[in-house]
Amino acid sequence: MSASKEEIAALIVNYFSSIVEKKEISEDGADSLNVAMDCISEAFGFEREAVSGILGKSEFKGQHLADILNSASRVPESNKKDDAENVEINIPEDDAETKAKAEDLKMQGNKAMANKDYELAINKYTEAIKVLPTNAIYYANRAAAHSSLKEYDQAVKDAESAISIDPSYFRGYSRLGFAKYAQGKPEEALEAYKKVLDIEGDNATEAMKRDYESAKKKVEQSLNLEKTVPEQSRDADVDASQGASAGGLPDLGSLLGGGLGGLMNNPQLMQAAQKMMSNPGAMQNIQKMMQDPSIRQMAEGFASGGGTPNLSDLMNNPALRNMAGNLFGGAGAQSTDETPDNENKQ
């Protein structure tokens, strides 16, 4: 049985890990190998911590890469020649060079990410995409770089591109969920993180589950907030209605000018005003009269004069007498024409 791609990748990661642990390479070299191991494990869909388990179940039976290569080097030359003649070359040379170039650019981007040089990382991933635009990993990595710079709109676009290229690539949904959550869209983030769990199934890590639970909690908080807002609005409407005057009487002082506000405290005038407002056409009459230039000029004079005008002066004002006659239908007021006084004189 031939080894799977995952098992071969695990062999490589295991080999790099042993070199780093034994300090057989410089610190800069160790950093580069750590980035490489992250990239390889990400590309083949396994965690670095799972390498020993993968190799233990494989046909390699815990062998290291160096042991396997050393065993192969001891194969007789005649057998090597026969094997070489039977190998089919399925990858065109141009394609292999293209992939190698794109992977090198991606590695440079990953190294820039490790150094927190996110702008450089974006540039390198962009170059890799130009070389090989069909690789979902490049878009997902660039989405992570954009999110690190809080450029969440661009991160969403790259994550969606990764998903469209490879719908089974869980990191595309993971990057999308992170960006959507940062944008304040927990419902969409929850949907993306749910997709991650669906794809990974039993292989889902604790980090993936935490992301999902965080988005779920945010959605629940948002729903609770939306539920309380209408209740607060209803309370505000009740308070506003309680602030209106008895019987729905409008603020005539405000309607006719600030100077008349004090007169509205007179009980007799208030009683007359309430009686007037029982007439359905009263407000229409008031609005019509306010279009009269003389009455409007009178109201503006009260508003600009400040204070409450003298009642005797008001009743001697022809415009006001005319307005009262129109509102009260002649009761308690005289029109401005020459109509005689019909009351009995003592």
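Each residue, glycine too, has its Cβ placed from N, Cα and C.
Among the features that Swiss-Prot reports, repeat 'TPR 1' is placed at 102-135. Marked as repeat 'TPR 2' by Swiss-Prot: 136-169. Among the features that Swiss-Prot reports, repeat 'TPR 3' is placed at 170-203. The annotation repeat 'TPR 4' is assigned in Swiss-Prot to 205-229. What Swiss-Prot lists as region 'Disordered' is 219-249, 325-346. Positions annotated as compositional bias 'Basic and acidic residues' by Swiss-Prot: 228-237. Among the features that Swiss-Prot reports, phosphothreonine is placed at THR308, with the record citing a large-scale study or a structure entry.
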For the repeat 'TPR 4' (205-229), distant same-chain residues with Cβ under 8 A (at least six beyond the ends): 47, 170, 174, 177-178, 181, 186-187, 189-190, 193-194, 196-197
Tally of residues which DSSP labels helix, strand or coil - the repeat 'TPR 1' (102-135): 27 helix, 0 strand, 7 coil
